[in-house]
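Worksheet: one structure, shown below.
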Amino acid sequence: MLPDLTIDSAPEDTSGDDHAIAQARGAQRRRLIVINTVRILLVVAVLGSWELAASHWIDPFYYSKPSAIWHRLVDWFTNGTSQGSIWQQIAYTLEEALIGFALGSVGGVVLGIVLGRSRFLSDVCAPFIKAANAIPRIILASLFVIWFGLGMSSKVATAFVLVFFAVFFNAFQGAREVDRNLVNNARILGAGRFQVLSTIVVPSATSWILASLHSAFGFAIIGAVVGEYSGADKGLGLLINHAQGTFDSAGIYAGMIIITVIALLAEWLLTLLERRLLRWRPPSSSVEVQI
């Protein structure tokens, strides 16, 4: 009778993998440090050259200079603007942009998915949508001021139009790109139209939709500012328009900086939302090129 033999498997050596991971993380950290350093140096070089040129070679009345823009921002946030508190102007423009962004996103997603899943409806509506998208937005902003007045409604309408088309075309394409095999298999298993839409089409189009939201919020801010520029009683667009009327180039740049900061904060929040909603994606397909 043979004795029982027990074979103990040797533990796997993972030290090599851990070392490789640590090296990769270290290389990534060093790369980020280099990138951020170059970015800071680039900003310093541009601002320094601008300040130097405005002090010696170009007329700051037309081109302003970084120090004057900084003083204008400090003055707005400490003493307010000619239109009132700067925070009130920011809040008013942000409210217009958020409402237009929400309405335009919902409308673009719903109509984009519906037309994306219906060949007949998309063929019927295609020329009208293309014609509406071809209308210059500045003309629509002027019409909205006539239709809705100088209040918030005209600015929300302008923001809505810009956001709607940006989201619509992505939602439409995302609905068209759904894997037909998944849809056919779901129907074979007895899934109804609504189940196919909610469990296959919408999740498949989510990445397309979220990708459009990054630029859509920027369009919402543009719509609100353009609407205020056409006619308003408050807001950042009115502030920039007033700065233009008084040849205050520093005020124009200061308004641009505030709008840029708002857009960058919104971009950061949308990126966090996208990562949270699309955690199911493989890492290789979720890698984005950061600009």
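Cβ atoms are placed via backbone N, Cα and C, with glycine included.
TrEMBL annotations:
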type	residues	note
TRANSMEM	38-58	transmembrane segment
DOMAIN	90-274	domain 'ABC transmembrane type-1'
TRANSMEM	97-116	transmembrane segment
TRANSMEM	128-150	transmembrane segment
TRANSMEM	156-175	transmembrane segment
TRANSMEM	196-226	transmembrane segment
TRANSMEM	252-273	transmembrane segment
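Scored on C-beta pairs under 8 angstroms, the neighbour of the transmembrane segment (196-226) with the top count among 38-58, 97-116, 156-175 is 156-175. Spatially, the transmembrane segment (97-116) is not adjacent to the transmembrane segment (252-273); fewer than three Cβ-Cβ distances between them are under 8 Å for residues at least 6 apart in sequence. Within its own chain, the transmembrane segment (252-273) has Cβ neighbours under 8 Å at 64, 69, 72-73, 76, 86, 90, 93-94, 210, 213-214, 217-218, 221, 225, 236, 239-240, 243-244, counting only residues six or more beyond its boundaries.
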